[in-house]
Amino acid sequence: MADEEGYLAVSGERITLQRRHHSASCREFLVRCPRLQLRSLSAVTCSVWLVAYGLFVLCQNSVVLSAAIFVTLIGLLVYLHFVKIDQESLLIVGSLGIQMTSSYASGKESTTFIEMNKVKDVVINEAIYMQKVIYYLCILLQDPVEPHVVSEVVPLFQSSKPRLDCLVEVYKSCQEILEQNKKS
Amino acid sequence: MVLKVFFPACCSLAESGLLVGRWIPEQNSAVILAVVHFPFVPGQVKQYLAEVHHVTQVEVSVLGSWTNSKQAKEENLGRFLEDLSTIFSHDPWIQLSRKQGSKFWSCSTIWKHPSGDEGDETTLVYYDQRKVMLSQLHPPLDSEVAAASSLDRKVENASRLMAMFNTVSQSKVLFMKDRYDEGPIKLTHWQSEGVEASIIVELMKQASVPACLLVTFLLSLVSRVCQSRALTFWPLSFIWSKLSTCQQLRHRLQHLQVISSPKKAPDQSQLMRKANIFVSILLDVTLGILLMSWLYRKNRIGHLANALIPMADHVAQQLQDLLQWLMGVPAGLKMNRALDQVLGRFFLYHIHLWISYIHLMSPFIEMILWYVGLSACLGLTVALSILSDIIALLTFHIYCFYVYGARLYCLKIYGLSSLWRLFRGKKWNVLRQRVDSCSYDLDQLFIGTLLFTILLFLLPTTALYYLVFTLLRLLVVLVQGVIHLLVDLINSLPFYSVLLRLCRSYRLASGVKFRVLEQEAGKPLRLLMQINPLSYGGVMQAYRLPTYSCYPKDSWGSLCKKLFVGELIYPWKHKGEKQD
């Protein structure tokens with residue numbers, strides 16, 4: 001019960017959207033971001049090392065070279081563990097809530113679960129990002145005191161930033177489940 | 001409406017029996033707590049559940065039946081289960097059954113009053129009973145505030161999962177039964193290790209009561225001595241308030257009083273606070289004793305004392321050189337020679353006084369250091385505070401120079417600004433707090449302009465002295481600030497919570513996460529509920545211990561303004577006091 005489709009991200013990269021229908025009221029969407037490119041990795045490493053070598057030639061201090069190696073290694077670790085997100089998933093269970101998971105390239109996962117009684121709606125919003133207008137999917141949270149007020153907006157798929165056609169697919173499925181939930 | 005069944009994962013291998021748990025009607029969910037095994041007397045089960053309800057205040061009831069079939073004898077069992085539902089009447093009656101070797105369970109519910117939506121689904125959520133029982137749910141801070149502000153709505157808006165967590169943690173009594181206890185009914189649920197496993201803990205609990213009483217008694221004695229009249233009359237009390245060591249000691253005294261109070265902590269956060277304080281003090285004292293053992297080995301104190309005097313001399317020599325440089329033509333600037341000489345001689349005399357004071361003290365310094373070093377056994381923070389105080393005392397001359405320079409500079413700036421107003425035919429109206437125009441006499445204008453010129457031409461000389469001594473003062477303040485930050489860090493870090501997060505991450509939960517297990521068409525949806533641990537930042541935010549010391553309240557901008565105008569700056573600690 002899983003189908004996969006290719007889409008484009010806002011920046012033009014290829015992303016894949018995987019849909020899993022676990023049951024009538026439980027669906028999961030996985031957006032896989034592009035992998036880390038060997039080309040960019042080697043470019044960054046080479047540039048850092050070249051700069052370090054230039055400094056070494058200037059000041060004849062070999063500490064610079066070892067520092068450059070450490071900087072690249074630690075930078076790579078930090079990038080993989082805290083910055084680079086491989087895959088983002090959205091699990092929506094009709095009676096329970098919405099769960100967002102982003103898995104980092106190192107395997108670390110960060111999960112947020114929002115209970116259904118706090119969710120007001122799921123909408124597609126637009127925002128100005130750098131020099132262009134992009135669309136993004138977001139969850140509106142209900143204010144606990146006044147039920148008509150939106151207290152918070154939680155954006156979804158923040159790192160992969162899919163284009164509108166992909167967002168509409170997810171949006172429709174989410175609305176179906178929210179409708180079911182409201183009916184009962 | 002979807003029916004949710006929270007099922008403890010440890011019961012999935014239990015033999016057939018009855019499901020015992022709590023039904024939460026507003027969420028349409030059932031929290032299963034245990035399974036009662038088959039040979040039982042219905043009356044006894046009901047009585048037992050009533051007892052549990054009485055003790056825990058959780059509405060525990062029989063929710064349905066559980067079949068773990070190993071052989072194919074379903075025919076008669078089906079009828080038997082239906083009979084059971086008439087004995088223990090519950091709406092809805094949940095029938096869970098598991099076939100041998102199959103991962104997928106079937107679940108059917110029987111509603112006594114069939115409503116419209118008959119084709120309802122069931123969601124099975126597995127949870128780890130032990131982790132859920134022990135974990136402490138931390139809702140996000142802003143929602144907590146909102147919930148507290150509207151108490152009447154709190155019940156309906158409270159987190160739904162909170163109800164489930166509370167149910168499990170409140171029915172602790174159910175789980176605390178011994179494994180080998182032959183009661184009238186047999187239950188399957190998460191088993192605690194029993195009392196036998198923790199004899200040491202029990203002994204420590206017994207011993208802690210007299211220990212706490214003793215500590216409380218000693219503390220009351222100490223605090224009475226501290227508050228006695230001999231120590232609180234004016235000059236002494238002023239000195240106490242300025243010494244950071246005294247403040248640190250007072251802070252630690254309060255901490256000890258909190259720990260040793262014989263009253264039981266009312267709620268979880270207070271308990272955590274006590275544990276955090278305890279671990280913090282323990283760590284502090286351990287580090288202090290380590291420092292002490294390092295200091296007193298190989299006569300390091302003596303070396304330190306011997307190095308201190310030449311260092312003070314060296315600093316004084318450097319200052320003298322600096323003053324000589326300022327009295328000449330510093331950086332090619334041409335100063336007002338007379339004022340320059342006066343100021344320089346004044347400061348040189350001061351340094352001379354300081355050096356003689358240090359040399360007077362030199363025979364005693366080693367002894368003083370030796371005794372002061374003993375205080376490190378009270379904790380690293382106390383030792384650090386003493387270090388900060390010693391730095392403050394040893395750089396007293398720099399402080400004096402700074403104050404003189406700042407006062408002089410401040411006076412000049414104020415004089416200049418008011419004379420500048422006179423120059424423009426205006427004056428400061430104190431009553432209205434504004435600048436008004438004013439007509440001056442010719443004499444007034446003449447004198448004022450003359451004074452303005454004199455002040456303006458003398459300003460660079462004073463400004464230079466002020467600048468140099470302010471930089472020196474800032475250096476000292478920076479060092480003291482770093483020491484205070486370190487002390488603050490040890491005082492405020494919640495070590496116990498961080499350790500708990502590191503080793504037993506489920507104890508501090510920020511929420512839950514679900515994993516979808518394998519599915520089969522026609523069978524209920526199966527989810528695995530796991531605990532989402534609190535992030536380290538969240539731990540810090542929730543359990544940070546309050547400290548006495550205040551961070552710099554004025555921003556960098558206001559600090560620069562103060563420096564420019566010539567107001568006195570203090571190390572970070574005293575600043576808060578002054579503003580209060």
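For all residues, glycine too, the Cβ spot is worked out from N, Cα and C.
What you are looking at is a predicted structure, and each value in this text was computed from that prediction instead of being measured.
Database features (TrEMBL):
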- B:277-296: transmembrane segment (TRANSMEM)
- B:342-361: transmembrane segment (TRANSMEM)
- B:368-395: transmembrane segment (TRANSMEM)
- B:444-468: transmembrane segment (TRANSMEM)
- B:474-499: transmembrane segment (TRANSMEM)
If I count Cβ-Cβ pairs under 8 A between the transmembrane segment (B:444-468) and each of B:277-296, B:342-361, B:474-499, which range comes out on top?
B:342-361
Below 8 angstroms Cβ to Cβ, which residues of this chain, lying six or more residues outside the transmembrane segment (B:277-296), approach it?
252, 255-256, 258-259, 304, 373-374, 376-383, 490-491, 493-496, 499, 545
Same chain only, please: residues at least 6 beyond the ends of the transmembrane segment (B:474-499) with a C-beta under 8 Å from a C-beta of the stretch. Say none if there are none.
244, 248, 251, 272, 275-276, 278-280, 283-284, 287, 380-381, 384-385, 387-388, 391-392, 395, 398-399, 508, 536, 539-540, 542-547, 549, 569-573
